[in-house]
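To start, the structure under review is shown below, and the notes come after it.
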There are 2 protein chains.
Amino acid sequence: MAAGPGCFLPILEWGRTYDRATLTSDLVAAVIVTIMLIPQSLAYAMLAGLPPEVGLYASILPLIAYALFGTSRTLAVGPVAVVSLMTASAVGEVAAQGTVDYAAAAVALALLSGAMLVLMGFFRLGFLASFLSHPVISGFITASGLLIAASQLKHILGVQASGDTLSAIAVSLAGNIAETSLPTLAIGLTVLAFLQFARTRLRPLLVGAGLAGRPADLVTKAAPILAVAATILLAYSLDLGARGVALVGAIPQGMPAPSFPQVSVDTLAALAMPAFLISVIGFVESVSVAQTLAAKRRQRIVPDQELIGLGAANIAAGLSSGYPVTGGFARSVVNFDAGAETPAAGVFTAIGIALAALFLTPLLASLPQATLAATIIIAVLSLVDFRAVRDVLAYSKADFAAMAATILVTLLRGVEAGVAAGVGLSLALHLYRTSRPHMAVVGQVPGTEHFRNVERHHVATEPHLLSIRVDESLYFANSRYLEDRIAALVAGRPDIRHVILMCSAVNAIDASALDSLKEINRRLRDAGIAFHLSEVKGPVMDRLKRTDFLTELTGRVFLSQHEAVCALRGC
Amino acid sequence: MAAGPGCFLPILEWGRTYDRATLTSDLVAAVIVTIMLIPQSLAYAMLAGLPPEVGLYASILPLIAYALFGTSRTLAVGPVAVVSLMTASAVGEVAAQGTVDYAAAAVALALLSGAMLVLMGFFRLGFLASFLSHPVISGFITASGLLIAASQLKHILGVQASGDTLSAIAVSLAGNIAETSLPTLAIGLTVLAFLQFARTRLRPLLVGAGLAGRPADLVTKAAPILAVAATILLAYSLDLGARGVALVGAIPQGMPAPSFPQVSVDTLAALAMPAFLISVIGFVESVSVAQTLAAKRRQRIVPDQELIGLGAANIAAGLSSGYPVTGGFARSVVNFDAGAETPAAGVFTAIGIALAALFLTPLLASLPQATLAATIIIAVLSLVDFRAVRDVLAYSKADFAAMAATILVTLLRGVEAGVAAGVGLSLALHLYRTSRPHMAVVGQVPGTEHFRNVERHHVATEPHLLSIRVDESLYFANSRYLEDRIAALVAGRPDIRHVILMCSAVNAIDASALDSLKEINRRLRDAGIAFHLSEVKGPVMDRLKRTDFLTELTGRVFLSQHEAVCALRGC
């Protein structure tokens, strides 16, 4: 994909035609997204084990950086659930929650991830995301959703608990369940019920009551901020903080000065692998959302440039004391539906969040943590997709195995192990599948020039000719199988004098397969059998001509299988 | 590949027809291989950092175990150079050379590797060897040959040195070069010169002098044992041990009682990965030799049964205080050429080595270590194959990159890192290649039903139809590329109303690709474009029918591209 002019700074493209109508659309969308983003940012920061204001910091500069470098017109970046969980898991390995080192490590993680994304974009390494198959990603997100929901139960119950795996969280919760704070539980369950109602029932009710579709949507999307406002009022007026309800507490007003984190080389080394996983998973999710939205308006995403946009956003997050960010699904859809037309909407959203960080933070001191936990639980349960698991099981056992492994290992051993297990298994299963390509002994359909599988059709064969068709490109994973199969086919047939390999489905032959063909040729020669090829594609033949294989070959290369059989049998 | 009756104990097949003529052939081959194996076994044990007698122990029971369970009639198993190097590297990580723990860890490594091979055979996991492409194996063996030769220089010079990498060995040698023992160097260089002469010049000379081909071969193969005998005599008669020449020294006579090694769980865990690599690399090498020899007589190797044969051999090596073994190239060829007809030759060889262990060990005390080192150097330099490197470079840059990485990382970071780098890079490059399959916009060749690439042929297209052919199976590594490419192709063409994906080269569609097709369908639908498929193969279609994709599909599935264009344009 060639990058057009101005592609490394996409703002140059849309900026030239920016007018008042576009401005209005972008402003409206920005207001709506800002209202949605404030509680989300606070909640996801808490999920990442960071003070809530860090979520706001991560929702300002990163949006501006993405607006400058990203290619999606409507993607909304910022803190998201899965990346927040991965941050908590990675940073928890190198520092204790609540310490200065923990916050510094989160910043370092954002910078590392940003640098990796920019480098991947620069070297066009976006294909690395191909290592993650859809079932692995889908399984990972489902498992992450469950893990996140489980991790938030402690805030609903008002008890202490910790753990990176489902079992650890369960044990920890069970040990402290006696400490449950009833007022906290009451707030948590009420907010959960309200948000679940808003998500599933409110919109039909409002539409039924005569409200138009779009305002009804907006009211629905504003439910979390309503819950935040209501529980702040409640906690403040009833002094719930003194009755055992954990509140967010005083948070610093204003914005942090840009700074570089103080972390050791060892910490950086320990964060490298998590940063890579966060980069790749964030990129995959983000591009998928961006593609979906762009397609609706026949716009175009440049994946390698997206790497640079997301990388810039993460570097910006790091420089502003934030933590890793990526493109969020829900907020991007809201941004799109609310009419955003250009990345300027993201810049206006950033301004909105900055104003909130400057002026609203004193109000947040009385916000119950249970409210934020309820917001997270409702948001992430929509990520849990058991239907996808069922569909994959029905379609392909291999894909299901990779998905199931990802889910189980993520739940029981944590996020990194889960991704590693899924990627490893899907690669192994892919190699397994292509390592045993379909091969058929073929014969001639009488009266025609067609050749078909002898086991499925009535075809004519010659006793001293063996024609074999292989239905896959030849490469290292199947080259040995080819050797084994041809050896096995020849071993049982003492009359064979010629073997013809029909290459009509072979799109490529790598160096391993070339060695195997040479080896097959030598072994057949030692057994007194000539080895021929037929129907070799042009580009494959061009490559073979650069080697000595064609001079070593005991037989010939025929343009068609029919020609081969004619020449060797005599037509 | 179906396993025939008696396949799990192949001796039942060849044992039934065993007669006196076969016995004679096997006995002759056994004598010749025994003579070749004695110095090799001693030398490779030294290379593995073990006392020389361990090499003999590893050449007795393993041969009998392989004879019982292996499927090759002529493969000769025992200690080999590359596996000895890998053993030294793995065991050196957990214990110091010369200690009881070192020997115990080597035994544990053999048992672990044996257990893994048997399990891989039982679960038919031989395909795991497909992860190793030919360029990676070839590069690894070349680098190992260089490393081994470098590691033996200390014995030729008579100095102390250590190190698992070329740079470490060089630094270590350079620091001690002043200590060089001149008598040792004289013996080392003389034996090197003699063996090199025997390898390259002796046979033509003997044949020129009137000796027949086969006896000339035998004299040539006996050169190492001649060198051993001559230098023992020399060292004994001149008392070279007192003059600074390192000798093998007293070695225990007889054979060790079967025993289990005393190693900790931590040690076992540290040895697991090396044991796996040794298993896979040993298996690949061994099967490749076995296939080559079997093909000459139109016999058959069953790779999964070979795993069990090699596994049994390694367990036997472990039980008899040995170390990991595999099928050796040189000795198997000698066994074959000397006329071995059945695995009984291996049993007779084992008896020969056992007799040597019982009666010859006192003679070996005066054997200079430099003689063994020279034997190793001459043997491994034949493994170094720069021609293969050149050929791969000419054929494929991707394969060359994997090979070069394997060689460099093996030399500079050691054997495990080398294999890991090669496997990782070849997988990544394979994914990269298949992640961007060839795709072409096609049009109709006027007056025919054929469709060809619009960029290469004069073809007719319709303004509202876009026909795209993809030349690869669709799976997770290329499914996102497919999405991106179709999005990009559609983005520039506002007139398009129908997209037809021509699937004539698609042998499989995995769950990721199915998701991508659904996504493409949804995105095209949102843009007001219908999505059609054409020429979908039978098995692929059968799978698609098990999903809801065909009901979601906005367009139709056509049997042929021509039919599709006719229907959408009106013929």
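A Cβ is built for glycine as well, from the same backbone N, Cα and C atoms used for every other residue.
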B:307-325, B:497-515 - the range that TrEMBL marks as transmembrane segment
B:307-325
Same chain only, please: residues at least 6 beyond the ends of the transmembrane segment (B:129-149) with a C-beta under 8 Å from a C-beta of the stretch. Say none if there are none.
47, 81-82, 84-86, 165-166, 169, 280-281, 283-285, 287, 376-377, 380-386, 388-389, 392, 399-400, 402-408, 410-411, 415, 418-419, 422-423, 426-427
For the transmembrane segment (B:268-295), could you work out the same-chain residues 6 or more beyond its ends whose Cβ comes under 8 Å from its Cβ atoms?
70-75, 77, 80, 82-83, 86-87, 89-91, 93-94, 105, 108-109, 112-113, 116-117, 120, 126, 128-129, 131-132, 137, 140-141, 301, 303, 306-307, 310-311, 314, 324-329, 332-333, 336, 415-416, 419
Do any residues, 6 or more residues outside the transmembrane segment (B:307-325), come within under 8 Å Cβ-to-Cβ of it, and if so which ones?
8, 10, 45, 48, 50, 54, 57-66, 68-72, 77-80, 83-84, 86-87, 103, 106-111, 113-122, 125-126, 255-256, 258-261, 275, 278-279, 282-283, 286
If you count every Cβ pair below 8 Å, which range out of B:27-47, B:102-123, B:345-365, B:401-429 shares the most with the transmembrane segment (B:54-70)?
B:345-365
Positions on the same chain near the transmembrane segment (B:345-365), where near means CB under 8 A and six or more residues out
25-27, 29-31, 33-34, 37-38, 41-42, 52-53, 56-57, 59-61, 63-64, 66-67, 74-77, 232, 247-255, 335
Contact call for the transmembrane segment (B:372-389) against the transmembrane segment (B:27-47), three or more Cβ pairs under 8 Å:
yes
Maximum Cβ pairs under 8 Å to the transmembrane segment (B:27-47) - stretch from the list B:102-123, B:218-238, B:401-429
B:218-238
Helix, strand and coil counts within the domain 'STAS' (B:455-568) (DSSP)
51 helix, 21 strand, 42 coil
